[in-house]
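Engineer: So that we are looking at the same thing, I have put the structure below in structure tokens.
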Number of protein chains: 2
Amino acid sequence: MADKHHIALIGSGTIGLSFAALHLTKSTTSTVSIYDNRPDLYDYITEHLPGYIDPAECSEKSYSDRITLAPSLKAAVEFADIVQEQGPENEDFKTKLWPEVEKFARSDALFWSSTSGITATVQGKGMKDKTRLMVVHPFNPPHIMPLLEVVPGEKTSQAAINKTLKYWRSLGRTPVVLKKECTGFVANRLAFALFREACSLVAQDVVSVKDLDAIMTASMGPRWSVAGPFKSYHAGGGEGGMQSFMEKIGGTVQNCWEASEKDVEKFKINVKAGEKWEEKMWKQCEEEYGNVDTADRDAKTKKVLQAAAGEKK
Amino acid sequence: MADKHHIALIGSGTIGLSFAALHLTKSTTSTVSIYDNRPDLYDYITEHLPGYIDPAECSEKSYSDRITLAPSLKAAVEFADIVQEQGPENEDFKTKLWPEVEKFARSDALFWSSTSGITATVQGKGMKDKTRLMVVHPFNPPHIMPLLEVVPGEKTSQAAINKTLKYWRSLGRTPVVLKKECTGFVANRLAFALFREACSLVAQDVVSVKDLDAIMTASMGPRWSVAGPFKSYHAGGGEGGMQSFMEKIGGTVQNCWEASEKDVEKFKINVKAGEKWEEKMWKQCEEEYGNVDTADRDAKTKKVLQAAAGEKK
């Protein structure tokens, strides 16, 4: 069980609400203050937050008096030991925010950004003490998905990283620390690499959007829920492990890589140049899926995570 | 429930055994004949096949008298309505095999190859009737993983494809027909595209093998068990769907793609040139994973598949 924490959330879009739900649900003592400059904040939170909280995990009675809506940034952060921002995704907003937060926050508070691309080194450039700022990038929605990519900046201290890991692990989450700041961090780099290939194969008419998704849910999805790609191919190599796998299958792997490169170029799978393939792909998605029932997806995903972890229920 | 079928399996390596288990378990009336020129075939099958069959799904009593070991190719295929090969992965073997099979098999039998790369058009070049040969490429191991990539050759008939789909669906599997023959088919093209990026990120020391696998099992694995990449990003775009997703996030996607291209080149993520990154990766796999418990992996994967399908148990 988590220690008692007070978390200030800056920004209450879908990620902010999902994080609020996560903090409140997974710890029964922690408190959350929300700061957002939208004028209807009270009505908005009252209407939308309950959709993120499973009543079987956390009753409204249990969480409703642990949230405060802060009238100012100062009020939000002054008592917090964790300040977590999910504001607009632009450098100007974030680089201005942190020196302000620093003015009002406790000297031992941790600062986390949910950004999907603006590094802590960049975000913290106007701060006095850069040691406690880091990226904590969720995989959406964070109240369902366990991954948190922890990406320290150049000045982030090991102590701040350790406290961050301890917090997330106490909530049963999976924080993973990246060793270097890089474009897109790791999860999106991996997902988008596969997505580019998916776009290319649809552009070439090898497969439809729907059939490609069917391939994923019947193969790599379940496999990678239980064992990631390295562990999977290492197992595939038998006693010789990954080395043996690459010695046997490496030629095929390389042929696929080379075919992919050629096709990506031929079919201009490039967001800037790629209107033709994009329109075709958009249309197929719209025709096939319309409005996706994300509640059903999330309920199934929770069960998948339990099954992959070997939990009984 | 499946109709009664007689399936001839040519080749009894791990894929052959897994297919034997699948056919015998998912239909309680079908019979299987196995042809393999290994001298110890009887002992080998007796020892290894039971490991592929869940006694809760199919008792030994229920399947043992539905298998025959064939002393010749003729004996294996002459009464079969499905002939499925998982022999050596070379063109010479396969192009010589099918004309032989054609001599002995029923005129209405379906011919399936488990190849991961040699197309039906190439395999069938010496056959008289090429209309009933196609690739049926499994995702290993097929007795666990539902996907079967059905890749018709240039001459394969729609009737043969339809019969193939009907068979696999009757067994509760997920056959997906590709519209064109292409290098590596779809599942491996997608998996290897992500794997290349994974190798690149490990080569750059952004992340370890173990942490990259942890990222996958805590994010894309479970997500793609329930919804493939197109459906996921279409949902991520909200009401505007995939078009809206790409308009909002397309810039980030493109930045990742360009960073990936540069890094793959810089770190020579190429099987032919890549001894340095490969050795590092092999070592990490060996140190981290040693011998993988695939029985545990497969048991969890079955539960993940049930959870993703919304099944109760």
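Glycine is no exception: its Cβ is also placed from the backbone N, Cα and C atoms.
For reference, TrEMBL lists these features for the protein:
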- B:6-180: domain '3-hydroxyacyl-CoA dehydrogenase NAD binding' (DOMAIN)
- B:His137: site 'Important for catalytic activity' (SITE)
- B:184-277: domain '3-hydroxyacyl-CoA dehydrogenase C-terminal' (DOMAIN)
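How buried are these features, and what lies next to them?
Structural biologist: Sequence-distant neighbours of B:His137 (site 'Important for catalytic activity') (same chain, 6+ residues apart, CB-CB distance under 8 A): B:Ser114, B:Thr115, B:Ser116, B:Leu148, B:Glu149, B:Val151, B:Phe185, B:Ala187. Classification of B:His137 (site 'Important for catalytic activity') by DSSP places it within a strand.
Confidence across the domain '3-hydroxyacyl-CoA dehydrogenase C-terminal' (B:184-277), taken as the mean pLDDT and rounded to a whole number, stands at 96.
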